Ligand code: CAO
């Protein structure tokens, strides 16, 4: 016997009125649990709503442009009766975004497996049902988490995805306008048709009206991008940039153009820290303890000592918003591009907990499972290329933060101790900062203080 069941929007955090931008299935499609049904687009990211059970789509309850919230009906799905019964718990977990509320079993393992199932990412639109279930990656260890909606890493970015209706998107596309550069004037920063028109008008007047934490128009008047037929010079292949590269590229370009960047370079002697870390790493076999967790702790100490580094300019550019919490963004390299998940309340966590969370968010980033909440609320970012190489680089400030620390590969160097050269393990640091907020002398003090924390770990206890 088949039964008709409703698929609803699960817990999507504090979002409501989220527009549907894509329908991923049609009436009559056979679908598998976790396959994406529709795509929503919040001001932070796009997200797919996964099917809570296997079945056949009988009715779609939404269309492109509809706005939905947690609990909104998405589709009616015909499921085989057996499946319907066994899927009840998973559906409950998915539709509330919490642990299955009516789970009669006391077995917590079962509960977490169930919640994990509800968290499995949806298959790609093009994937066949059988492939879809194969593609679901293993869920990382740890407690079940909300929300259960999966987010494609290719669809998320350090800052925001432009928030506009499909009609406005179409309008912008027709005019060749990059919505990432347009400021939205409607509620919650939504971009209207008039905003696009105004943007084009100001461009035509030679002053792009790009909003900035400096409060004013950028007035950038740049040469057009060179248009070259490269095929004249040899064989070529053209590939579209991934969605994440397009989104993060727009943000990076804005931040680079709008923020007066300076990069302060320094070195930290981490000889003792590394000896301690290696011991700790050997003791914690299941946990990868890398130098980065020590840097997170040192960053917290430095942010406490220099509060204007833990700050953002407000949208007028006239006030500095000082933050009393310590959330650190970590740049993670994924096959589709760079994402910056945030580890919250780092001041309240020890090295091992930070190591566990770092491992978890890095995996989620690479598995395309980060939610927008996990990428917001950052105070200061660390971009570590230390595992790869290099002696220094210029990271771009992740607006509206005011500073970012770039870390390169440590190396053994001869250091003069006053009497002789000593081999010391030196870690290169590159702090880029917003010069509107931070002066060079403060940046030098911040970086030097940061380095001291790593050199003498006892300071982190102070
Ligand atoms: N110097 C020397 N070795 C280092 C190091 C450093 N500064 N930092 C890390 N390492 C070592 C680690 O100890 C580890 O060695 P073992 O495997 O022997 O333990 C190895 O390098 C690999 O580390 P990792 O990169 O896997 O882990 P991490 O915690 O250092 O970094 C993460 C995690 C997610 C930040 C990293 O994997 C990543 O994605 N980095 C790229 C970030 C990026 O692209 N930034 C550029 C953005 S442009 O602004």
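The backbone N, Cα and C atoms fix where each Cβ goes, and this holds for glycine too.
TrEMBL labels come from automatic prediction, so no person has curated them.
TrEMBL has this to say about the protein:
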{"type": "DOMAIN", "residues": "4-78", "note": "domain 'Lipoyl-binding'"}
{"type": "COMPBIAS", "residues": "82-91", "note": "compositional bias 'Basic and acidic residues'"}
{"type": "REGION", "residues": "82-149", "note": "region 'Disordered'"}
{"type": "COMPBIAS", "residues": "99-119", "note": "compositional bias 'Basic and acidic residues'"}
{"type": "COMPBIAS", "residues": "120-138", "note": "compositional bias 'Low complexity'"}
{"type": "DOMAIN", "residues": "163-200", "note": "domain 'Peripheral subunit-binding (PSBD)'"}
Looking only at the domain 'Peripheral subunit-binding (PSBD)' (163-200), mean pLDDT returns 79
Going by DSSP assignments with H, G and I as helix and E and B as strand, what are the residue counts for the domain 'Peripheral subunit-binding (PSBD)' (163-200)? 24 helix, 2 strand, 12 coil
Quick one: DSSP breakdown of the domain 'Lipoyl-binding' (4-78) into helix, strand and coil? 0 helix, 41 strand, 34 coil
